[in-house]
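> Quick one: the structure is below, questions incoming.
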Amino acid sequence: MIKIGSHVRFRKPDYLFGAIQESLENKANAAMIFLGPPQSTFRVKPENYKFQDYQKHFFKQIPPEDIIVHAPYIINPASPIKAQFSNDFLVKEIEKINYIGAKFLVLHPGFFTSFTKEVAKKQLISSLKSILEKTKNVILLLETMSGKGSEMCANFEEIVEIVEAVESPRIGVCLDTCHVWDAGYDLKNFPEFCKELRKTRLINYLKVIHLNDSLSPLGSKKDRHANIGKGFIGLETLRKIVFDPLFANIPKILETPYVDNKPIYDQEIALLLKKV
């Protein structure tokens with residue numbers, strides 16, 4: 001089954017109910033939300049989510065397991081200085097996600113900034129273990145990154161090493177097509193790309209895909225998303241990811257730019273699903 005959707009706005013007054021309504025208007029059957037502003041840890045109480053309205057009207061069309069939650073960008077579980085704050089926040093975030101019944105929490109692995117990469121890697125593994133020990137149900141997904149600055153997890157071997165070191169069925173990977181392209185993985189050589197996923201074992205942990213085109217050439221380490229078919233990856237390659245059996249039942253989530261201050265996810269989803 002093809003599961004496809006986009007990032008949708010989780011905001012007052014309708015929160016979850018409004019977000020899933022927007023997804024359905026885009027002809028999607030999956031969705032991704034932030035539980036608050038992406039650059040902030042501010043959160044409203046779960047009783048404001050309008051979960052009962054969602055449950056009554058939209059539960060069957062987009063069930064909770066196909067609602068992906070993204071952690072805010074400002075946390076850094078790989079930093080020995082910021083880890084405690086990040087970990088405490090993520091434990092509370094998972095409690096809110098369990099209220100919804102969503103299955104996956106995507107998070108950026110963090111930066112090693114003023115620390116060595118090895119120190120940051122050990123801290124990240126420790127953080128993930130601690131968060132999982134204090135929570136239940138939700139699966140943490142480390143997102144593949146572009147390699148910009150001191151970002152962690154810009155190559156498949158590193159992200160798999162971290163996932164396997166955590167030793168939990170509640171840890172996995174979210175692959176971002178723009179990020180891996182910018183990190184130097186040539187998706188346009190599709191057979192070789194799929195071979196690399198198998199070789200590094202990343203495919204064993206892949207739970208969600210962020211489906212984005214890239215404004216930048218291969219290996220640029222820029223992380224600038226483009227609309228579907230308007231970047232260097234191209235529609236043909238992104239459509240292969242939608243339809244290839246290797247990625248069956250994995251939710252594909254668009255995070256592409258707005259056009260004239262409006263999302264065009266409905267058009268992009270239709271474009272991707274169009275068989276040629």
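Glycine is treated like the rest: Cβ placed from N, Cα and C.
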> Kindly point out which candidate in His57, His108 is recorded by Swiss-Prot as part of the Zn(2+) 1 site with His70, Glu143.
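So the Zn(2+) 1 site in Swiss-Prot includes His70, Glu143 plus, from the candidates His57, His108, His108.
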> Under 8 Å Cβ-Cβ from Asp223 (Zn(2+) 3 binding site), six or more apart in the same chain: what's there?
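Long-range Cβ contacts: Met145, Ser146, Lys148, Cys178, His179, Asp182.
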> Quick check: with Glu143, Asp176, His210, Glu255 left out, which same-chain residues have Cβ atoms within 8 Å of the centroid of the Zn(2+) 2 site Cβ atoms?
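Other same-chain residues with Cβ inside the cutoff are Val106, Thr144, Cys174, Leu175, Thr177, Cys178, His179, Ile209, Asn212, Ile253.
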> Out of the binding-site residues listed (Asp176, His210, His225, Glu255), which are within 10 Å of Glu143 (Zn(2+) 1 binding site), Cα to Cα?
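Passing the 10 Å Cα cut: Asp176, His210.
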> What binding-site residues among Asp176, His210, His225, Glu255 are found with a C-alpha within 10 angstroms of that of His108 (Zn(2+) 1 binding site)?
none
> In the same chain, which residues outside the set His179, Asp223, His225 have their CB within 8 A of the centroid of the CB atoms that define the Zn(2+) 3 site?
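Nearby residues not in the site list: Ser146, Asp176, Cys178, Asp182, Asn212, Ser214, Lys222, Arg224.
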> Can you count the other CB atoms that lie within 10 A of the CB of Glu143 (Zn(2+) 1 binding site)?
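Its Cβ has 21 other Cβ atoms within 10 Å.
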